[in-house]
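One structure below.
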Amino acid sequence: MSVHIAFSGGLEDLFNKQRNLTVPLESQLTLKQLVFHLKDRYLQTRPELFMSGDSLRPGIIVLVNDMDWELCGKDDYVVQDRDAISFISTLHGG
Amino acid sequence: MIKSCELCGIEKPAIKRPKTGQGICKPCFFSAIENEVHETIISSNLFHPGEKIAIGASGGKDSTVLIHLLDLLNKRHNYGIELHLLSIDEGIVGYRDDSLVTVKRNQEVYQLPLTIVSYSELFGWTMDQIVKKIGLNNNCTYCGVFRRQALDRGARMIGAEKIATGHNADDIAETVLMNLLRGDHFRLGKSTDIVTGEEGDMPRCKPLKYLYEKEIVLYAHYQNLDYFSTECVYSPNAYRGYAREFLKDLERIRPRAILDIIHSGEMLSVSAPAPAKMTCERCGNVSSNKICKACTLLETLSKP
């Protein structure tokens, strides 16, 4: 299976300026596990801007198929084949 | 998992609103945001017919949403105000030049006049030159003091009666915390005011005062607004950064905390007397001392 990942709001700068990624997955992951996977395999710089402790940094909004992840279980959501998952940072200047 | 919008009961929910905890759909979210900002504008009497409003436009998410909403609401509710975009070019290559390109694209979209005033024309220095001279210590102080005056002068230049800025609820809660931590009583009392500077000649207002940053970002995202999001190339304001992280941690546990901090600020009665307003002996701009902060900083730059 694979998922489509989009970064915006400045997060793309941490992932080699890539705004879109297709990420193949060998097993089913929760969103929390996916965040670790992205950090371990794709993040290029400044992990502290992506994660804080063992979870996603507060202030990053996640959309699962264009729906707020707070409506679908957040960390515990089980990622499905071909999901489109967006990570949007809110922390950059207004 | 919520199956349908908690307001209309029909559409698929798209956002959990931090203020209410409700899961609502995109159309209901758009109406809620637009109606609430309209309510704020009316209940605080922010605008009057015939006024020219300078919108501080940085190209970032907050000012982009502000432009979109003021343009929309002015047309929808006939405020009768004239909108004029005002951008400040601090002279930071690789940051402000790029964000100004975004402002220019939005100027086209909304067909609003745009004026750009630069630090180099107003003060004779770009931020790049200032950083070259003084290094990465204290440079945000220069930038902040200069921006404040540049917005005032730019707004006067275009004949505006008032400046509207994109400060959101998170920004204001952050400022309350920072002033509290610094013991800055005078600023603490004013930091939640929706209109400031009414005693001077260029008042400022914050129509997005009660919108969460999350709502602004998702409004911009779902409306496909064009905004710029890159961190300034110079070190960010560290003190504000800590306050911001702390707030974001609080918000994760209890989203209402942000509005509650604003309400606490609003209820505070601060006894500190307001510093007297005068005009700077050197440049003639509003100041709380004989020589204004901008002129004092400029003097430090002119020393070898």
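Cβ from N, Cα, C; glycine included.
Automated prediction, rather than curation, is the source of TrEMBL annotations.
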- Item | Per TrEMBL, B:Gly56, B:Ala57, B:Ser58, B:Asp62, B:Gly166, B:Asp171 bind ATP; matching candidate in B:Ile24, B:Ile33, B:Ile88, B:Ile92 | B:Ile88
- Could you count the residues of the domain 'Cytoplasmic tRNA 2-thiolation protein 1 C-terminal' (B:279-303) that DSSP puts in helix, in strand and in coil? 10 helix, 3 strand, 12 coil
- Using Cβ-Cβ distances, find the residues under 8 Å from B:Gly56 (ATP binding site) that belong to the same chain and are at least 6 apart in sequence, listing them in sequence order. B:Ser63, B:Leu86, B:Ser87, B:Ile88, B:Leu151, B:Ile163, B:Ala164, B:Thr165, B:Gly166
- For the binding-site residues B:Asp62, B:Asp171, the largest set of other C-beta atoms within 10 Å encircles the C-beta of B:Asp62
- Listed in sequence order, which of the binding-site residues B:Gly56, B:Ala57, B:Ile88 sit with a CB under 8 A of chain A? none
